[in-house]
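What TrEMBL records for this protein:
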type	residues	note
DOMAIN	42-194	domain 'Peptidase S54 rhomboid'
TRANSMEM	51-71	transmembrane segment
TRANSMEM	83-99	transmembrane segment
TRANSMEM	105-125	transmembrane segment
TRANSMEM	132-158	transmembrane segment
TRANSMEM	178-198	transmembrane segment
Amino acid sequence: MWDVNGQLGNLVSSWTTIPREFSRTISSAIDDSLAAWVVVGWQLFTLPVSLFIHGSFAQLLGNMLFLWVFGRTLERTIGSYQFLLLYLTAGVLIGIIEICTQPQLTAPIIGSTGAIACIVGAYLMQFPQIKIYSVLPLVIVFIPLEIPAMFYLFWWFIQQFFYGIGGLNIPGGFNNCSYGSQLIALLIGVVFMGIIRFW
């Protein structure tokens with residue numbers, strides 16, 4: 001069972017969903033408990049909120065870096081409203097998938113990993129051949145490079161892998177979405193851009 005103390009623990013308890021608790025609440029609601037349905041509604045409401053809560057500064061900074069690299073160009077292309085809709089919808093759907101596939105999980109679902117994966121998928125669908133201007137730090141020398149967007153996708157998945165490994169031995173760890181969920185989120189982004197192109 002996860003255990004986070006202090007103000008962070010209160011924040012996480014109030015504004016995130018724990019799959020095991022959600023599963024129990026759903027069971028109670030199905031048994032004709034009106035109060036349980038109210039709790040279910042609240043827990044579903046916390047899913048988009050939990051996208052803005054992260055388990056560590058490293059996870060937050062990593063996700064914000066990839067959101068900045070891919071998100072700003074995509075937002076200019078599809079518009080702010082569509083971008084926000086894509087981000088929130090993907091995050092909520094991935095949260096629901098995590099609940100359905102891991103109903104006994106006792107760690108709260110937090111972070112924007114699924115939403116970021118969706119943004120990356122949409123970006124690669126829209127700009128499959130683009131190269132991103134980057135700076136490679138080499139000791140005290142910084143070398144400017146143009147790196148294919150696919151490399152950033154690969155690096156992002158490696159980064160998420162190490163986040164997951166690092167959280168395995170943390171008793172108070174949080175749940176970061178699984179690789180399967182990240183792949184689904186990536187495909188959501190691809191399908192979303194395909195629909196926009198068709199329209």
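Placed from the backbone N, Cα and C atoms, the Cβ positions cover glycine too.
Quantities reported herein were computed from a predicted structural model and do not represent experimental measurements.
The average pLDDT computed over the domain 'Peptidase S54 rhomboid' (42-194) stands at 79.
Sequence-distant neighbours of the transmembrane segment (178-198) (same chain, 6+ residues past either end, Cβ-Cβ under 8 Å): 78, 82, 86, 89-90, 93-94, 97-98, 101-102, 113-115, 117-126, 157, 160-161.
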